[in-house]
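Beneath this line is the structure, given in structure tokens, with notes to follow.
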Amino acid sequence: MGVCGEPRPWSPAAKVRGLGAGAGPAAEGGPAPGQGHRPGTEGRGGAATARRAGRGGDRRGRGAPRSPSRAPRPSALAIRGAGLAGRGGGPAAAASPRGWSPGRQPAARAVGAPGAAMELWPWLIAALLLLLLLAQLSRSARFYAKIGLYCAFCFTASAMAAVVCLLRHGGRTVENMRIISWFVRSFKYAYGLRFEVKGRETLDEDRPCVIISNHQSILDMMGLMEVLPDRCVQIAKRELLFLGPVGLIMYLGGVLFINRQHSQTAMSVMTDVGERMVREKLKVWIYPEGTRNDNGDLLPFKKGAFYLAIQAQVPIIPVVYSSFSSFYSCKTKLFTSGTIQVEVLDAIPTRGLTVADVPKLLDTCHQAMRTHFLHISKTPQENGAPLGPDAQEAQ
């Protein structure tokens, strides 16, 4: 090193002088070029370098992780804690020599869920067997079980039919009644019911009309769908609109809802129905009794259907269903299989009639339907009314 701090040029002589400590500019730990060799220097420098390397190695040794081959063996307590953690998790899992993973505990708890479900199966099977036993021993249990199944069928079929109607037609239209009818007609196979229909061709005529029929129970829906003609809508009370899937499918099928508590609103709806019926060539199905009746006879008719027929100047077609009392009765809790007779009577014209003729038209239809009802039902009446042969048939 010169006076000014500049390095002296390297020469071969310097290489000869510095052989003891390393030669050339690239010699690591040697003297700078141009400097002479100092005796003892390499010894002191080598020892210091070794001491520094030893201290650095100790530090690296203390901070570096141990190799797996030299890891300490787990104690018996740690092994036992790991076993407990594997079975149920918990604080003992912290004693595992390899560390406890938080993800293991949910898996261990999830294993118990199927076990709990398996414990419930015997109780569910026992409850089902008990219900079946009660259904065999108790007539009331059988009745309510079948009614509950019928309601379940209605809700399930309504939900499925609603999806099909929305996919097929996209909304509310009378054409959806074909889809609804297909679903409901399948109910009769589950209950062993048969329908024998006479005069169906009268309903199939392509003309607007008012169809009236007797109303006995919730099973009337199956009878309605059994003979329902094309482009036919029903008049129903407004409360049915709020029966979940059933109300939805009725709305999609074009059912017309009226509020029976407000007569003015109901009359305005019927007026609109009359105009629409003629314009679109619709058939309208009405239960003139206004409510279900299972007393073995017909109730007095209400006038709404007859006002509608006269207003639109369309014929009235009566449809009579035989009594359900031979296989269905709420009073005696009877619900078995059976056959239902259905008769479609001849159309009763209303051309030229006025509102003043409503009472006469109502009485004519009531007498005709009652005569056929008593004849095809062949059951004695609770109210003492005469049977078919003694009843006077309306012209």
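Here the Cβ of each residue, glycine as well, is placed from N, Cα and C on the backbone.
Summarising the annotation, TrEMBL assigns region 'Disordered' to 1-108.
For 24-38 (among others), the entry in TrEMBL reads compositional bias 'Low complexity'.
According to TrEMBL, the feature compositional bias 'Low complexity' maps to 64-82 (among others).
For 92-108 (among others), the entry in TrEMBL reads compositional bias 'Low complexity'.
Per TrEMBL, transmembrane segment is recorded for 120-137 (among others).
Remote same-chain partners of the transmembrane segment (143-167), defined as residues 6 or more beyond its termini with a Cβ less than 8 Å from a stretch Cβ, comprise 131, 135, 176, 179-180, 183-184, 186-187, 190-191, 218-219, 221, 244-246, 248-249, 252-253, 333-335. Among the features that TrEMBL reports, transmembrane segment is placed at 143-167 (among others).
The domain 'Phospholipid/glycerol acyltransferase' annotation in TrEMBL covers 209-324. Residue counts for the domain 'Phospholipid/glycerol acyltransferase' (209-324) under DSSP (helix as H, G, I; strand as E, B; rest coil) come to 48 helix, 24 strand, 44 coil.
The transmembrane segment annotation in TrEMBL covers 240-258 (among others).
Across the domain 'Phospholipid/glycerol acyltransferase' (209-324), mean pLDDT in this model comes to 89.
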